[in-house]
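What Swiss-Prot says about this one:
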- 108-148: repeat 'WD 1' (REPEAT)
- 149-188: repeat 'WD 2' (REPEAT)
- 198-237: repeat 'WD 3' (REPEAT)
- 281-325: repeat 'WD 4' (REPEAT)
- 344-380: repeat 'WD 5' (REPEAT)
- 384-423: repeat 'WD 6' (REPEAT)
- 384-395: motif 'D-box' (MOTIF)
Amino acid sequence: MDRRTFDRKTNNPQRYRLDRFVATRDSFSETRRRRSWHAAFDVHPVNNDRWSEGNLKKKNYIKYLDKAFDLESPDKNKSIKRMNRLWPCIPRKKTYLSSADSILDLPTYSYAIYPELLDWSNDNMLVAALGSSYHKWSWRSQSLIGHGFAEYEIQCCKFDPRGELLALGTYMKTLEIHNNSKSKKIMSNTCKCLEIDNMNCSITAVDWSPTGNSFAAGCSGGAVTSFTRAAKLISWRHLVREAILLIRVSPNARYLAVTAMNTALVLLLSWPSLEMYSSIDSDWSIRAICWHPWRSALLGVGAVTDDLQARIALWNAPTREVRDTSIGPKGYRLDSMLFSHRTGELVLSMWHSDRATLHPKTCSQLVVLSDPDTMVDQWGEGRSGLDRVRTMIFSPDGTKLATATTDEDLIIWNFLPEDNKMKKTKCRSFSALPECLDNAMLGYSLR
């Protein structure tokens, strides 16, 4: 049976095996299928796991009793909490995280070497790049609305902040810029590895500046390039031997964070000149990096130690101050992390390797943290069916979360309740001036 991108999926990994005694998923109504995903299978949670749903309910009930009997001083505890908090956050007061209406298919995604083949534009359009083609799916109409093609196999993709352009990093050192409305290539450029280092590479990571007037690209040869919006070269720099895994431009358009595959190093470069500013060299394996949207340059770094202990570090770029802490019980690997631009909460995708062989699958969790010691929401403990999450992306309004898994599922989650009222979701005072300079200089910063 042919599989198409963004087709609705079944939870069964043997989805095309037919059994005359078992009704197929398509024979049930859509409402019943959605309920079955929420329920999945009942699995006993692991004891002594502080991230279990039972422990979360107990903790909330203890807080309720303490407040009811006035057994603590709220003002004192809140002030201490603010002093110890590693990142700014307005945590939720009740749980919202649940699977939404859509479980879609991502054929061949499990074979992709680099995870960032999924993005969500500001006009509520999801794009999935698979092979040498990309497919666009509308959240409003819940349907596939278009597709486009690249000259070579696509390794990564990213919409510009305005939703007008789509940057595609491809094989054979080529970076393509496509018009979003027409789904056609309008410009392209190449990495300078072949000219300078006599090495053919692939574009493995891409990210836009906050204004969309410039963007960065990393390659499999360990080099990083900055381009203007018109794909004109600004600067090129060779950094490491390993392939670049992730690159992130800071909210104030002054820094570029870079990490490579299977390394313990995070580099901080000035943007867009790509001059070395600072670095973190740890004993961990770096898995994820993301900037906090409410601060000018606060970088979150997710990693895993040799004894399988997940850790996060918060790096204040201007002061070069680093604070790190352990996250969760041992045995969990951190695969992806994001800060919510609505609440400031940190979302982690965790994977337990010892449970990966169990059936039904109980190896993955999505965890929402307000600080390293406080889990305010989670999905996965006591449930099954969620495979390892390789990448995540928020919807423009921050109420939905899209995840791509190794089981080739694209799952849309309810992250926050929908609110039709316009809210101020970003603290612009920290980045207004740098973004103004970035806008005026078309990606160049004069310092």
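Heads up, the Cβ atoms here are built off N, Cα and C, so glycines get one too.
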Using DSSP, break the repeat 'WD 4' (281-325) down into helix, strand and coil residues and give each count.
0 helix, 27 strand, 18 coil
Going along the chain, which residues at least six beyond the ends of the repeat 'WD 4' (281-325) come within the CB cut-off of under 8 Å?
86-88, 245-246, 248-252, 254-255, 257, 259, 262-266, 268, 331-341, 344, 346, 348, 350, 353, 372, 425-427, 430-431, 434
Note the mean pLDDT of the repeat 'WD 3' (198-237), expressed as a whole number.
96
